[in-house]
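Student: Input: one structure, supplied below.
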Amino acid sequence: APRTVLLLLSAALALTETWAGSHSMRYFYTSVSRPGRGEPRFITVGYVDDTQFVRFDSDAASPRMEPRAPWIEQEGPEYWDRETRNMKASAQTDRENLRIALRYYNQSEAGSHTWQTMYGCDMGPDGRLLRGYGQYAYDGKDYIALNEDLSSWTAADTAAQITQRKWEAAREAEQRRAYLEGTCVEWLRRYLENGKETLQRADPPKTHVTHHPISDHEATLRCWALGFYPAEITLTWQRDGEDQTQDTELVETRPEGDRTFQKWAAVVVPSGEEQRYTCHVQHEGLPKPLTLRWEPSSQSTIPIVGIVAGLAVLVVTVAVVAVVAAVMCRRKSSGGKGGSYSQAASSDSAQGSDVSLTA
């Protein structure tokens, strides 16, 4: 009955709601073996868009799926019990995957090894699946991945081809596709609705341009965007109306520590020609794109405190990612979160009923 109610509610949302832009739900699972020191450590983090909302750590005193965002705390005890069971089942499956990988690669059990999975879904403004993901890595290298068609696999090497043949025989891609098109999107809609005050907000960026002389002949113009949410933003420099993409230095979007983000884009320009350059900013929170120039009479002062705070959070984030997913090869696609699809998991779970696959 609860499953039926969820499906009905999801169908109603799909018909009546429109979402500002696309949204994503992603899970990352990481298992790290430690010979002589017990079972592998298993860590899970889940994200909706840029917000972490759940975490599981097998090394905790009492391992449970734990909330990491206020809006997920409204889920009842059954939710947390179910997700905890799924995590424990996934941890066991990934331990087996580590043992299988040792055999496939003819490796010794003496060393430490890592098995990781990333899976999830992107949802379009119409509330339907935009793209699904299912990617696996072993010891920091691509192992096998679900293709964009959600019906076939790409194996990275001959060992992964063994897994590919096994999964093709079991028609695992069909099960994965059903989860991504159904359960994954259904739960993403539910989370977006429950956390709409934070997840569906649009904080516009605070913008300015700074000027940094390099020599008597050149200077750097840096276009700043601070305090925006969601993280997706576009910064471009133009010279006399022509894009300067190839000559632009663009940093990755960085967290500021207050659930907003910052980013900058810089170009080196000939001294005296600064006014020929314009910075163009596009963001969901802006009613229309912004166009900025450097104003010589009022050199912008960089808000050092905010930037330092952002860099501090970036360091912490990188440290966490190093434990959870740093060794997973980055793909050009935006990707979802990973984990193994547990055969024993309840179909009411946000993780789905087929998330943990043995290699």
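Backbone N, Cα and C atoms are what each Cβ position is placed from, and that goes for glycine too.
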Student: So, in Swiss-Prot, which cysteine from Cys121, Cys223 is disulfide-paired with Cys184?
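Tutor: As annotated by Swiss-Prot, the paired cysteine is Cys121.
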Student: Applying a 10 Å Cβ distance cut-off over all chains shown, what neighbour count does Cys184 (disulfide bond) have?
Tutor: 29
Student: Including all protein chains shown, what's the count of other C-beta atoms within 10 A of the C-beta of Cys223 (disulfide bond)?
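Tutor: For Cys223 (disulfide bond), the count of other Cβ atoms within 10 Å is 27.
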Student: Test of understanding: give the count of other CB atoms lying within 10 angstroms of the CB of Cys279 (disulfide bond).
Tutor: 26
Student: Take the Cβ of Cys121 (disulfide bond) and count every other Cβ within 10 Å, whichever protein chain it belongs to.
Tutor: 27
